[in-house]
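According to TrEMBL, the active site annotation covers Asp68, Glu140. Marked as Mg(2+) binding site by TrEMBL: Glu64, Asp137, Glu140. Here TrEMBL flags 25-151 as domain 'RNase III'. Residues or ranges marked as domain 'DRBM' in TrEMBL: 178-246.
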Amino acid sequence: MNSDEGRLASENSPAWLEHFAESGLGKLLDRLGVHVSPDLFDLALTHRSWAYENGHAPHNERLEFLGDAVLGVIVTDHLYRTFPDEPEGQLAKLRAAVVSSVALADVARDLHIGGLIKLGKGEIGTGGDDKTSILADTMEAIIGAIFIGCGMQAASRYVHTLIDPRIELASNAGESLDWKTSLQEIASEMGLPAPKYDVTGSGPDHRRTFSAEAILGDLSFGPGVDSSKKRAEQQAASIAFRELKARQDTQVSDA
C-alpha cells in the first residue's frame, strides 16, 4: 500500500466498527476466518465522491483495480477446472455472467453493502448506495482489500463462497446465458404463464434509474434495478429464474 492509501479516509469510530461487524459482510468474513484491518476496509468502502468532498482523501479505485484482476483469476481458474468439456467461448460467457456489474451488484445487495459505502452528498441524494456500478466496484475493492490484507487463499474463499452458487445457476441458464429466455423456458416447464415485465423509471434524464418486476400470473419477482431498462429486466428475470429453479428442484427431491 502506498503512502496515500496508508492514510485513513476517516477515523474508524466504534459505532462504524460495530455496524460493520453486524453487517452481512462482516458476519460472512468472520465465518470465513478472514480478518482484514479496519483501515483497509475503510478504504475499500470509500467512494471517490466522498473523497473529493473531504480534501481529496484516498478512495477505493486502486483496490477496485486490483480486486477486478484477482476476481478474474479465481473465477477463470474455477471455470476451467469445473467445466473441462466446455469450449473457450462458453467459458467466457459464463465468466462474463458471474463477474458482470449486474452480478456483483446482486451479491452486494445480498450482503447489504450499500449501507456501508461512504458516499458524497451528491451520490447519496441520487441513491448511490443502490447503484449497480457503485455496488459492483465496491465488491471488487473489497476483494482487493482481502487479497492485500490476507492473501490469495483468503480472497479465494471469499469469492468461492459468493460466486460459486451463481456459476451453477449461470450454467443452468443455457448456452445463451440469457436470463429472460431461461425464465421463459422454466416457466413453460412448470406450467406458468409467459413472463411479463413491469418497469418503472425514476430520476432526471441524465441519472435515470429503472426498476423492473418479472410477473408470471399471480407471481412477482424482483426488483431488478439499473440505469439500463434492459439490464433491469435481466436482473428481474435472473431473480425469478433462481427462485423458480429452487422450487423446481424441491419438487423433484420431494417426488
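Glycine is treated like the rest: Cβ placed from N, Cα and C.
A TrEMBL annotation is a machine prediction, not a hand-curated record.
Positions of the features from TrEMBL, shown on the structure.
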| residue | record | Cβ neighbours (10 Å) |
| --- | --- | --- |
| Glu64 | Mg(2+) binding site | 21 |
| Asp68 | active site | 18 |
| Asp137 | Mg(2+) binding site | 25 |
| Glu140 | active site | 25 |
Can you give me the residues near the recorded Mg(2+) site, meaning same chain, not Glu64, Asp137, Glu140 themselves, Cβ no more than 8 Å from the center of the site's Cβ atoms? Asn60, Glu61, Leu63, Phe65, Gly67, Asp68, Ala136, Thr138, Met139, Ala141, Gly144
Take the domain 'DRBM' (178-246) and average the pLDDT across it for me. 88
Between the Cα atoms of Glu140 (active site) and Asp68 (active site), what distance do you get, rounded to the nearest Å? 5
Could you break down the residues of the domain 'RNase III' (25-151) into DSSP helix, strand and coil, giving a count for each? 96 helix, 2 strand, 29 coil
